[in-house]
Amino acid sequence: MGRSNPVSLFNPFALSTFGFSSIGWIITFAGCIATNTQNNGFPKFAWWAVVFQLLLLIVIVVLYITNTFHYHRFFLTCAIGVAFVYNSNATNNLVYDTSSAPAAASAGFIIQCIVNILWLFYFGSEPSSPIISYIDSFGSSENVMLSSKRSKSNRNAAGQSQIPLDEPYKDETMGYAERNSVSNDNSGLHENPFNTQNYTAQLSGLENASTTNRASALPEDDYPITVRGLFDYDASPDDINELSFKKGDIFRVKDTVGNWWQGKNSKGEIGMCPSNYLEVIG
């Protein structure tokens, strides 16, 4: 469960919107310089809008490269909202000027406002939203927020020691075998050592007891929460405790604590599932 799945650095939505915003910022910066040299009435506060948008672009680049959007989602959404207000105010102060320099600056501010609205909608919405899923479908089908959260889950899971699901049953089975071993030692003097009938019967009883205990230890009431798969997930072949599922599959989980949830599908298969691939529906 500690596999690394880094975010793709070629998300079309992220790259295209960042490219438009960068072009808009360059146009704005050049237009503001030209307007300031030609007109003494240039609104000074527009410079702060230019600087704030530049800082926002730098922050987005850092979060995108380090794949840490999930940690700073609310801060990023608020910062984009502030940048939208600053750019709108600067646009209002420049758009009514008929000269070319203020017109260029206001055009750059308008481009940045449009991109900021798209970012507000994308980062402020839940990744499971149908519209957001549609936007992500044009690229790697990987939402940058989900990918960041999934990487966090994988890092946490890699640093934790995991107890296999079969451990309780293994202890119980070993105890059963030890009791039978003691019994056989006491009665070995009176039985034929080459008679394998009793040994075979003990093994059959042991297997039946293990299967019965497993079924009785996992009643349906232990999985009260219904979830649905947001994306396809293939269990690691190196970890028998993971559970595979497809997008749209509905099954039940034991609880929603931590980054990995213990689930049980309709076939009765039990395993651990990454929480960021699931949506609680009941």
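Each residue, glycine too, has its Cβ placed from N, Cα and C.
On a predicted model such as this, the values are computed, not experimentally measured, just so you know.
What Swiss-Prot lists as topological domain 'Cytoplasmic' is 1-12 (among others).
Sequence annotations record features per position, and here Swiss-Prot assigns transmembrane segment to 13-33 (among others) based on sequence analysis.
Residues or ranges marked as topological domain 'Extracellular' in Swiss-Prot (evidence: sequence analysis): 34-44 (among others). Mean predicted confidence for the topological domain 'Extracellular' (34-44): the pLDDT average there is 86.
Summarising the annotation, Swiss-Prot assigns transmembrane segment to 45-65 (among others). Non-local neighbours of the transmembrane segment (45-65) in the same chain are 7, 9, 14, 18, 21-22, 25, 28-29, 32, 72, 76, 79-80, 82-83, 86-87, 89-90, 93-94, 105, 109, 112, 144; each lies 6+ residues outside the stretch with a CB under 8 Å from one of its CB atoms.
Annotation source Swiss-Prot lists topological domain 'Cytoplasmic' at 66-73 (among others). Secondary structure counts, DSSP: the topological domain 'Cytoplasmic' (66-73) has 6 helix, 0 strand, 2 coil.
Taking Cβ pairs closer than 8 Å, the transmembrane segment (74-96) reaches residues 31, 35, 43, 45-46, 48-50, 52-53, 56, 59-60, 63, 102-103, 105-106, 109-110, 112-113, 116-117, 119-120, 123-124 in its own chain, all 6 or more past its ends. Here Swiss-Prot flags 74-96 (among others) as transmembrane segment, drawing on sequence analysis.
Nonlocal intrachain contacts for the topological domain 'Extracellular' (97-102), taken as residues 6+ away from its ends with a CB within less than 8 angstroms of a stretch CB, comprise 31, 34-35, 38-39. Swiss-Prot lists 97-102 (among others) with the feature topological domain 'Extracellular', giving sequence analysis as the kind of evidence.
Here Swiss-Prot flags 103-123 (among others) as transmembrane segment.
What Swiss-Prot lists as topological domain 'Cytoplasmic' is 124-282 (among others).
Annotation comment: Swiss-Prot describes 222-282 as domain 'SH3'.
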Residue counts (helix, strand, coil, in that order) that DSSP gives for the topological domain 'Extracellular' (34-44): 5 helix, 0 strand, 6 coil
Helix, strand and coil counts within the domain 'SH3' (222-282) (DSSP): 4 helix, 25 strand, 32 coil
For the topological domain 'Extracellular' (34-44), sequence-distant contacts whose Cβ falls under 8 Å of one of its Cβ atoms, 6 or more beyond its ends: 90, 93-94, 97, 99-102, 104-105
